Amino acid sequence: MATASPFGALRRRLLAVGLLAATLTGLAAAAPAAMAETTADQSIIAWVRVQGTNENLAGVSVAIEGDSSATLTTGADGRAVFPLDEPGSFTITVDEDTLPADKGYPAAGQNPKEVTIVGSQNQIVNFIVSTANAKGTGATAPVPSDSAAPTSPATEGTTGNDATNPDGTSNAANQPVSADTFWIIFWPKVVTGLIFGLLIALAAIGASLIYGVTGLNNFAHGELVTFGALMAYLLSGVFGLPALLAIPLAVILGGAFGYVQDGLLWKPLRKKGIQLIPLMIVTIGLSLALRYVYVFFFGADRLSLPNSTAPYFTVDALGISLKFTDIVGAVVGIVCIVGVALVLTKTKIGKAMRAVSDNRALASASGINVERVIRVVWVLSGALAALAGVYIGYYQSLRWDTGASILLLIFAAITLGGLGSAYGALVGSLIIGLMMNISTVWIPENLKYVAPLILMIIILLVRPQGILGRKERIG
């Protein structure tokens, strides 16, 4: 029997170290630019709409005062976009004389609004009008905008309490639901829930594959997602590469990061026979370490990828409005998920992955190179997680803990669909995304995580192995 050359293992180890060093060098070189740059898309977006129906109001005059001043008129989407040269404090005022009298006026204390821009942000400032408010009542005093806090969740390349959350749900105060407004509120939540579910699925499938072939619950998987988002920001936002080039490069770097992790950490630990519980604790430590590496290089502020907030596809009758990147992210997600399914069912390496997942010892005895399969799974998982991070970065703003903030949802999707099942991870992700969004029609926004988790518990009580999981004999 041939003996593996120790020099071959050494070369692979040196290659892994070289990839890691190159990645960290690129981060270090770009860190000053990333910390100091103000993106060209930095802006304040005043959005004027009607309470309850969310009707956008066009032709409304909006003024901004502060480090720079301007007066603009809202377009058909109800928005007026004020490009900014630099961060600062601003006061946004709606000219109530230009509001349609039959649509109403802002509530008391809601016009004007003050907003502070910190770092690179595209920030939405909402003005919700209602016939229940009298003209002039909004002008009692400037109040902090709902979107002023730089630490609040931000979305669609914007920050703001009335924008969407990372899961696509609206952060605005719950609008009254009636027979007339139910469907115009319901259908946008269905669409955004499906899109967010697809993005979660990209990350969940990779984590599920790792669990399937190694039995490891990787608590550092969220950092693979964050890595992809930050690489896209580095390539597109800092180096100025076009998205068509920056996105594939970010995905390749994500796959390389998965390769480096397995080569430097997980393979040596497997060779030492470390049990799964200590390995799981290692993933928790790695997760914390990577988060602080990210915050050291990129800072704690929210970052935005260059992205247009203009609606690309709208269905006014259903209240649906999607950006171009929303549609592209959904299409690419579907294509990648179908591609993974074809790889698992039609290719030699995919069948080897399934064999290792079913019975690792038997697969090894059958001549399958188990270590090679595990390495491929880590690369594939890193690439899928990076792609999810890229599109989550376009779907919302990003930060050093973007991946960690959705890790619970990733694990919930995997558990709901069935541990170790890639198809189950897809089904679970779609259910999580839909339930989280749709439930906010009836329950407060701050309880949006409750509904999908309760549904997961109910399904597991009825089917403990998950929707597509397999029963296992214990004992």
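Note that Cβ sites are derived from N, Cα and C of the backbone, with glycine treated the same way.
Taken from TrEMBL, the feature signal peptide applies to 1-30. The annotation region 'Disordered' is assigned in TrEMBL to 138-172. Per TrEMBL, the feature compositional bias 'Polar residues' maps to 148-172. The annotation transmembrane segment is assigned in TrEMBL to 190-212, 247-265, 277-300, 320-344, 376-394, 449-468.
At the 8 Å Cβ threshold, with sequence separation of at least 6, the transmembrane segment (320-344) lacks contact with the transmembrane segment (247-265), having fewer than 3 such pairs. Most Cβ pairs within less than 8 Å of the transmembrane segment (376-394), among stretches 190-212, 247-265, 277-300, 449-468, belong to 247-265. Beyond its flanks by at least six residues, the transmembrane segment (190-212) meets 164, 166-169, 218, 221-222, 224-225, 320, 322, 326, 329-330, 333-334, 336-337, 340, 353, 356-357, 377-378, 380-385, 387-389, 391-392, 395, 403, 406, 409-411, 413-414, 417, 419-422, 424-426, 428-438 of its own chain at Cβ-Cβ distances under 8 Å.
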